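Q: Structure below; questions to follow.
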Amino acid sequence: MSLILLADEVCKSSSYFYGVGICATGVIRPEQVMKYVIPAIMASIVGIYGLIIAVVIGTTLDETNYSSYKSFADLSAGLSVGLSGIGAGVSLGIVGDAGVRASAQQPRVFTGMMLILIFAEALGIYGLIVGLILSQRTTNVKCTAAV
């Protein structure tokens, strides 16, 4: 759960970098500021992936029938979403800040920046897909030591 929160914090900090880049480009091209808000919205979507997997894991918790296998599957689901969210958030922040500043000077860069942001967002989507697959792994296998 803490990695999911950490991934959300990374996405918030990448929005901070976007904000600094948007403010800097607002001086050069004030008419383009609303167009440059799109990358900041993309960064907040990665935080929603963490919320989705937290709800999915939280609804499947059962005190009476919660095996070690299921607990490790849920842990790995949270790890996959959290770590991929961290990677996506960092890449979104770096690409967004540099891309917004570059597209203020050369508007043709905006399309390339959006494509790179989409590929960076795909990192978070892959982590969410893996997390959903792992969280749905239910089995009655009991983890016991062979004697």
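Just so you know, the numbers here start at 1 and follow the chain as drawn.
Glycine is no exception: its Cβ is also placed from the backbone N, Cα and C atoms.
Just so you know, TrEMBL annotations never went through curation; they're auto-generated.
For reference, TrEMBL lists these features for the protein:
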DOMAIN    19-57  domain 'V-ATPase proteolipid subunit C-like'
TRANSMEM  36-57  transmembrane segment
DOMAIN    75-134  domain 'V-ATPase proteolipid subunit C-like'
TRANSMEM  77-100  transmembrane segment
TRANSMEM  112-134  transmembrane segment
Q: Could you break down the residues of the domain 'V-ATPase proteolipid subunit C-like' (19-57) into DSSP helix, strand and coil, giving a count for each?
A: 36 helix, 0 strand, 3 coil
Q: Which numbers of helix, strand and coil residues does DSSP report for the domain 'V-ATPase proteolipid subunit C-like' (75-134)?
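A: The domain 'V-ATPase proteolipid subunit C-like' (75-134) comes out at 57 helix, 0 strand, 3 coil.
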Q: Could you pull the average pLDDT for the domain 'V-ATPase proteolipid subunit C-like' (19-57)?
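A: Residues in the domain 'V-ATPase proteolipid subunit C-like' (19-57) carry a mean pLDDT of 83 in this prediction.
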Q: So if I exclude everything within five residues of the ends of the transmembrane segment (36-57), which remaining residues of that chain have a CB under 8 angstroms from its CBs? That is, six or more out.
A: 1, 4-5, 7-8, 11-12, 14-15, 18-19, 21-22, 25, 74, 77-78, 81-82, 85, 88-89, 92-93, 95-96, 99-100, 103-104, 113-114, 117, 121, 124-125, 127-128, 131-132, 135
